[in-house]
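Reading through the structure tokens given below for one structure.
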């Protein structure tokens, strides 16, 4: 079971809790030992459950039921005091909830015609600068950026050209938000397209195709000059792109790894160390990886244009927790090594990764 | 007939007999010597030495030394006594035979027993080895489990500690905030009084009541910080749209949906079809260059079909088929002409040929296949073979479910079938 042996980081299951509904997303509530589970009950309604870690178990604090099943959620765009949750639903609705008074959403818009597959927020939680914004990616092929202060219309809309057959957008991520103007959105689609949109210039900055549908993209940090981007896909492959140097024709340098025989559903970087990330797979396994930078991150090609050099990725540890895919993963921003993962076998597990200081 | 060896010499002590048997130049191996408790035989074909011993000996401990052209036997007697002679004197043939056989049997039994005993010991050894390895593995596993347990406990403790810290920190913060809130409310009240004196409207007051309650007892304090912060945040972005294109492929399907093999096959087939020229060139020598090109002929045929000259169109397609009988579109179009000419059987034949050529089934030849099915269906219906016709219409509908005309026609045929069934 342990690739690095007893000397490396261990993935210890701290709590395993069975649920009675399908779990789609699980998130830590910032600055607390509480976590949120989002999903869909058997009767077709959405469920939000708030749990607290107590001793060796999860205690249910609140349960909120909504009319529409919830697919994804983020705390990324709210302040630390408010801690509002932004959720994307199966009907294409984007809602922002105040968990203390969840009857009526603080902000609500029917943003998309089809299910919102992925959501991300930036500008909140005391991280980064600039306006708080939420980006949603949907099965209708569009990616929209919302500002909670502006009702009904998105502040940016990335949609296919008229007449183009649409491809589902499976994942979105914010990045490069290091000052008030700069911001970048990365979107992954089901035909393997990865597109990078620059919100400052409102243009498509880069696109590539990794052949297999892109399940998850994430920048290693949202609030710095974009450094690394990990994109995971079907058939067990993931790519790490070095985002510091963009070559005019070749784009960004990347290294790819084929890890698990099944789809890699999620990638999440450790908030406390941006070179460590965990991938979760369709066979119920979790892999912990470390990225090593090359000796030189830049090199010149034959015409003298600069291009990036990708480093290498090494597996630190892996563990198989379930037979069903682990579809959601979240690191706690407060405690290093604490993470929660939710799988399609209707269980949520809290894991602790040890020895991350020595990696 | 064996050659008997009779030159032997022997001597005895009270408990043992020493027999020496010379074998000039013969190679002896232990397999040549056979000994039981009362019978001794040395057989090196064609030579033979045999002795029915005077008294029983202990054959397991007796030895035979082979060397120097001599076998030297040391036979230990079972009973300590002096023998009159080495062999039994009055041994007649029958007793000899009997003794011989007995001896052989005994030897067999002994051998069997020995193998049995060996087997049993082997089994025991194996079992023992297995148990030993199992124990080792158990120990290893336990060790790893213990390590993991220790880690788990350590980590749980740390977590509890951290949680406590969080809670304490939060409590502190709350207390601080409440104090601050209290102060600020006081300040605000004073300010309000001033403002009312000046303007009569208190904006801050109304905004305070209108903003929704925020998390827990952070209450109105956060509203203040919100107001201040909003001034620092940039205004919402001006709305804009970015148009995107998706990666195009020859066949627009993603890798997981791709039917690459079939699509490649189809492309290949088309390429092949275009290249074959299956006609007999001698007949066509008097044709002009362009008339030998099946595509040109197809276009001609299409034009004539458009103007209504169906017979001419059929001729053009016939010639094209003679040049290249692998192009499905030729058969398809000829079927249409035959339909118009009411050559229904020929129309059915041609549509069928076209469908045969339109394999493998890929999105590229969907259009052609729909047309082929519809034409064949029409022909069947005109021949009053409504069931076959309906089958073809349904096949066409399966490929292209959104086509309303096909649906309507299929419905009509269904009604016709039901009508005729009711009549009959």
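Any Cβ shown, glycine's included, is placed from N, Cα and C.
Record features (TrEMBL):
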DOMAIN    B:3-87  domain 'CS'
COILED    B:105-198  coiled coil
REPEAT    B:370-403  repeat 'TPR'
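For the repeat 'TPR' (B:370-403), the model's average pLDDT works out to 87. Counting residues per DSSP class in helix, strand and coil order gives 27 helix, 0 strand, 7 coil for the repeat 'TPR' (B:370-403).
Sorting each residue of the domain 'CS' (B:3-87) by its DSSP state yields 3 helix, 49 strand, 33 coil.
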